[in-house]
């Protein structure tokens, strides 16, 4: 029957086949391991008693010399591979669920991915519990040391720095003041609820309620990422809620340890409260300092990896993970350490490593964080079924209601203060989305799992799971139709251009000059100071070669050209590139209609020669790297180079990509430099074409 059922499963559609096969394998593996453990226990008991000797054993001992044991052709030893086999099964289940979710558009358009994954976890946990086995639990060590770091590293490394720094004040207000408000409001009101005689909660004291409020008050970055990336909300709202979820980790850690110590001690003094404030700055700033140190070490190490390209992504992963672990050793904020490490490393590492290493690092980070996020939600569902739970209707219902009320009051009150200092005000729609997007997740569950008082731990965990399910299922499923109903601005895919970069830098310099004239040193002034210090000192130490002195516009242009060339190669139009380039260049040179010629003043011959010299030198500098690389490839083909296990051979794809970049860069540079010279120096278009 088992073989027949498996054959029938493989005839069904592929996503459902893989999912059901994984679930069955997990259940069978759990049952087999449990029965094997029981049999091993019986054998150990029998072997442990020397007086118990069976007839079969005595017969075997008597005939051991007469009969030789046959050579085992096929043996079974599941205990040898049990742990990696079960881990692989869980990861395979997570990947198949993700695959099935995106294959079925009707499901993905209605139900968020996190909701479906929790439901699968509930299903798997229910099956495991139905056969009488013990389901795995999402414990704090597994979550904080293995599943959470990839998600935070992916978010911190690819964090939009400009949007984050421009809204840093608002994010800090929501993360620090908002989290403190939520913790004390929920904790204080829950203590008042516990004083109700009919609630049977008289044994819960004030410090325990404040400890529960500190656990349930923080917005979870995993849940926010899972929901907000699906609805494609605009960049402002996304960075406000996601930035709050990242930076409130320090407040949550400090409040958790503070109230936990106070609950064990039983008394709180003024000195303890002041030390708690100092602890907040130590935890937050210490985590940032640890992450910045490891980020600088990673950037400095990437200077010397030009001969061993294959190990470049490993340095990024290991330095980041070491930053997280080093912060956790001293009970600092590991999340803030990871963010600081990723933000510090990215600009310098990308300037040093090869494009292949960057692609490997990017996709591996995305894959790693996606698998971790999927496993977290599945384990949440399994842990919910595993229990144990202490259900108290009064405590659970008031927890959900007070979390919603505190979130709304905190966002509305803080926005009233923030809008007095913001140029771009937060509207009522923005406030609603920020308040509605305050989702709770696995961080609250893991912190609740660390509690030691067993009489209140189960009740707190039950309330935390209820809040998580309410925010993920109810708020996560309804936020998409609410965004469409309120006509909230969506995220626009914006492709960078040289024109946009020039105007952005111009506005930055203009605002910096206005601040200097007014005598008000705002963030534009300090940003300009930091950029000057970075160009003068930091880049020279952390970036290898001539790229340390490369202008920002040239660096941005190289990145943009690389992205466009990759898109052209992936779209399959690389072989047709010469005809496309020629047509594009002709369309750029020849006007479509009879354009009216502008009156251009004449210039002297000496001025023309000076412009020619400037153009030749600048264009030679920007193309020097590509000319040298192409010349090396022509002189030393890939087939004649010696093999090295520390480097990767250049394949034909790279040759095609280099040729595409060179041709496209030549056409684009001609098109962009010509109008600029005409506008500034007054050179006629025909003369500029002769110069090129």
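In case you wondered, yes, glycine gets a Cβ from its N, Cα and C as well.
Automated prediction, rather than curation, is the source of TrEMBL annotations.
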* Could you check which of 57-78, 431-452, 497-518 is flagged in TrEMBL as transmembrane segment? => 431-452
* Sequence-remote contacts (6 or more beyond its ends) of the transmembrane segment (431-452), Cβ cut-off under 8 Å? -> 137-140, 143-144, 147-148, 174, 211, 215-216, 218-224, 227-228, 233, 237, 240-241, 249, 252, 256, 376-377, 379-380, 383, 403, 407-408, 410-412, 415, 460-461, 464-465, 467-468, 471-472, 475-476, 479, 482-483, 486, 488
* Residues from the same chain, set at least six apart from the ends of the transmembrane segment (393-419), whose C-beta lies under 8 A from its own -> 169-170, 173-174, 177-178, 181-182, 185-186, 189-190, 193-194, 196, 198-201, 216-217, 425-426, 431, 434-435, 438, 440, 459, 462-463, 466-467, 470
* Asked: How about the transmembrane segment (206-227) and the transmembrane segment (271-297): at least 3 CB pairs under 8 Å, pairs 6 or more apart in sequence, or not?
  -> no
* Structure fact -> Long-range Cβ contacts under 8 Å made by the transmembrane segment (317-343), restricted to residues 6 or more beyond its ends, are 144-145, 148-149, 152-153, 155-159, 161, 221, 246-247, 249-250, 253, 257, 282-284, 286-295, 297-298, 301, 361, 364
* Out of 110-131, 171-194, 239-259, 458-483, which stretch touches the transmembrane segment (271-297) the most, going by CB pairs under 8 Å? -> 239-259
* Asked: Does the transmembrane segment (110-131) reach the transmembrane segment (239-259), going by 3 or more CB pairs under 8 Å (6 or more apart in sequence)?
  -> no
* **Other parts of the chain folded back onto the transmembrane segment (239-259), taken as Cβ under 8 Å at six or more residues beyond its ends** => 152, 155-156, 160, 163-164, 167-168, 170-172, 174-176, 178-180, 183, 207, 210-211, 214-215, 217-221, 224-225, 228, 272, 276, 279-280, 283-284, 287, 331, 333-336, 339, 433-434, 437-438, 443, 447
* Structure fact -> In this predicted model, the domain 'Sodium/hydrogen exchanger regulatory region' (580-667) has a mean pLDDT of 49
